[in-house]
């Protein structure tokens with residue numbers, strides 16, 4: 001856990017490792033499975049993540065308590081909604097990678113933080129700052145440019161951002177930690193995943209040893225970055241996490257352009273310039289908020305008050321961040 005004013009090196013290692021898996025390893029992994037249906041890939045991600053999640057909860061000693069959550073109707077209904085959204089997000093992401101549209105996937109994760117601010121303003125009545133409003137406007141201009149000049153509405157980016165943003169809002173309402181929430185979601189998705197595999201006209205599982213092994217490993221590969229990120233978030237400040245999160249779309253963008261060879265023209269560059277500028281402005285607001293919080297904590301400390309409330313507030317925010325799982 002961070003102190004009131006510092007991050008930890010271990011927190012950086014955990015968080016950057018998680019982002020490297022999400023932004024580099026998973027895109028390469030999914031590209032290697034481009035002969036497999038996205039439906040089959042997502043189904044196996046879910047099914048092979050279940051035993052991994054069970055082992056994790058057993059190791060933590062929270063398996064029994066988590067299983068009892070399945071008797072709470074409100075928790076189950078909310079988890080079913082978040083599970084639906086995250087499966088839509090995963091499916092869209094996999095489709096984007098294997099269909100040669102990874103740049104659009106990167107765009108979706110770039111605009112997601114700004115969409116979160118917009119959703120907070122609309123649904124939670126959280127008034128954005130002036131700079132945040134400017135950032136949202138610049139990002140919107142970028143999306144319009146892509147729609148009008150660069151091949152049409154970037155629906156993959158919008159589906160990824162909207163599903164991920166709505167998932168984050170609903171996930172806050174499920175009062176469980178990251179590991180418990182992950183288990184509930186994959187457990188609830190297990191039966192639909194089995195039905196998907198049963199109804200697909202052709203499946204690759206069992207037909208090729210390499211692909212079969214990769215489909216099995218897709219489950220742990222889904223869970224491991226979640227664990228790393230949750231561990232990192234507990235040791236880093238919210239503003240630090242907010243800045244580091246851009247590693248994922250940046251690595252995905254670079255992978256798409258330089259490794260996958262996806263086309264990136266002038267109008268796309270102009271649109272992304274608007275979006276990158278918007279993110280730079282948004283990052284400034286995060287840094288300002290972090291500095292204001294640190295000044296408040298120093299003031300409380302100088303008056304003899306313990307700064308634990310601020311640290312706990314950040315930790316809670318970071319845990320919420322950790323539940324909004326990527327890719």
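Yeah, the Cβs are placed from backbone N, Cα and C, and that goes for glycine too.
A TrEMBL annotation is a machine prediction, not a hand-curated record.
Quantities reported herein were computed from a predicted structural model and do not represent experimental measurements.
TrEMBL has this to say about the protein:
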type	residues	note
DOMAIN	10-147	domain 'EamA'
TRANSMEM	12-30	transmembrane segment
TRANSMEM	42-63	transmembrane segment
TRANSMEM	75-95	transmembrane segment
TRANSMEM	107-124	transmembrane segment
TRANSMEM	131-148	transmembrane segment
TRANSMEM	154-170	transmembrane segment
TRANSMEM	182-200	transmembrane segment
TRANSMEM	212-231	transmembrane segment
TRANSMEM	238-260	transmembrane segment
TRANSMEM	266-287	transmembrane segment
REGION	298-327	region 'Disordered'
COMPBIAS	312-327	compositional bias 'Basic and acidic residues'
Next item on the list: Would you mind listing the long-range same-chain contacts of the transmembrane segment (238-260), meaning Cβ under 8 Å and 6+ residues beyond its ends?
Entry: 7, 11-12, 15-16, 19-20, 22-24, 27-28, 31, 100, 102-103, 105-110, 113, 232, 279, 283, 286-287, 289-290, 314, 317-318, 321, 326-327
Next item on the list: Write out how many residues of the domain 'EamA' (10-147) are helix, how many strand and how many coil, based on DSSP.
Entry: 121 helix, 0 strand, 17 coil
